[in-house]
Amino acid sequence: MAGETTQLDLSVKAVGWGAADASGTLQPIKFYRRTPGERDVKIRVLYCGVCNFDMEMVRNKWGFTRYPYVFGHETAGEVIEVGSKVQKFKVGDKVGVGCMVGSCGKCFNCQNGMENYCPEPNMADGSVYREQQGEPSFGGCSNVMVVDEKFVLRWPENLPQDTGVPLLCAGIVVYSPMKYMGLDKPGKHIGVIGLGGLGSIAVKFIKAFGGKATVISTSKRKEKEAIEEHGADAFVVNTDTEKLQALAGTMDGVVDTTPGGRTPMSLMLNLLKFDGVVLLVGAPETLFELPVQPLILGRRKIIGSSTGGLKEYQETLDFAAQHNIVCDTEVIGIDYLSTAMERIKNLDVKYRFAIDIGNTLKYED
């Protein structure tokens, strides 16, 4: 029951990387995970993705980081132990863990496959388990995890874990809202604002859906990679008013992947057809102006979205495997982590980082 607490047996020795305080200084952190229960899966972590959100959480940008903090909400590995009542997995299976490791299981959202919108979620990193008397969860940037089998994902056989692990963040973040709004149908024309970690994978999904992808970016230098490397059909700089006007009323949807609200809402709404939709998956730090007239006259919509439920997580991995979709990923060792965080801060990454945990992070007494 929500609100009840029971002291857990914490016996699994673990080591992760994270921060002791808001200075953001990264360091090894030793801790204990719970003893695997009858429905738990014990996982040897092999890869952990790193993204902008991790950098912000390490430095307590949003004001709710709990220290010591071990980050990691996109994790891939292999099963090394299963509880007596686990049915989905066996030792040796390749698996993944996304941003959630628990939820209440009783609310409307949980009952309808939207566990990510549970009002009492247990996030993979930094959440406080209801049953653990205030002990925070520790993320996947560690050598081992213990997770309820419900929140463990089956890893497709033909999907590489090193370049596939960012799908547990960047992939689900764009897949979920596009599917929900029907933009996964062939023939849809979708604009993608920004060509970073989210935008690049959005383009790949759109093309696999059978749609048309137009990238809108602040940087002309990204045109070649958008079209030649990711398969975009068209590319427009967001200051090219002539080309943008020519695209007015042609798009079924626009996915804004940028965090800074750099593209005016009026511009995005102007690109939409009647009944079109703007999907906000970035997190603007400032308020933007909302032009109401284009919404009313075109019956257009603006929606926000945050990751996806467990079913959608699995669908994302399976769809990516079916269409040979992986993320453009730079695989690094744990000793490079501080440099990687600085590069993320300076927008110097193309397009995601994944830490080779299995070969570079070991527990030592």
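Residue numbers in this text run from 1 along the chain shown.
Even glycines carry a Cβ here, placed using N, Cα and C.
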Which single residue out of Asn52, Asn60 does Swiss-Prot record at the NADP(+) site shared with Leu195, Gly197, Leu198, Ser217, Thr218, Ser219, Lys222, Arg262, Val281, Ala283, Ser305, Thr307, Arg352?
-> Asn52
Note: Swiss-Prot has Cys104, Cys107, Cys110 binding Zn(2+) 2, and from Cys118, Cys141 that site also includes Cys118
Per DSSP, to which secondary structure element type does Ser217 (NADP(+) binding site) belong, with helix, strand and coil as the options?
-> strand
Other same-chain residues whose Cβ falls within 8 Å of the Cβ centroid of Cys51, His73, Glu74, Cys169, the recorded Zn(2+) 1 site, in sequence order = Gly49, Val50, Phe53, Asp54, Gly72, Gly98, Cys99, Pro166, Leu168, Ala170
Alpha-carbon spacing, Cys107 (Zn(2+) 2 binding site) to Asn52 (NADP(+) binding site), which is rounded to whole Å | 30
Would you measure the largest Cα separation among Asn52, Leu195, Gly197, Leu198, Ser217, Thr218, Ser219, Lys222, Arg262, Val281, Ala283, Ser305, Thr307, Arg352 for the NADP(+) site and round it to whole Å?
-> 27
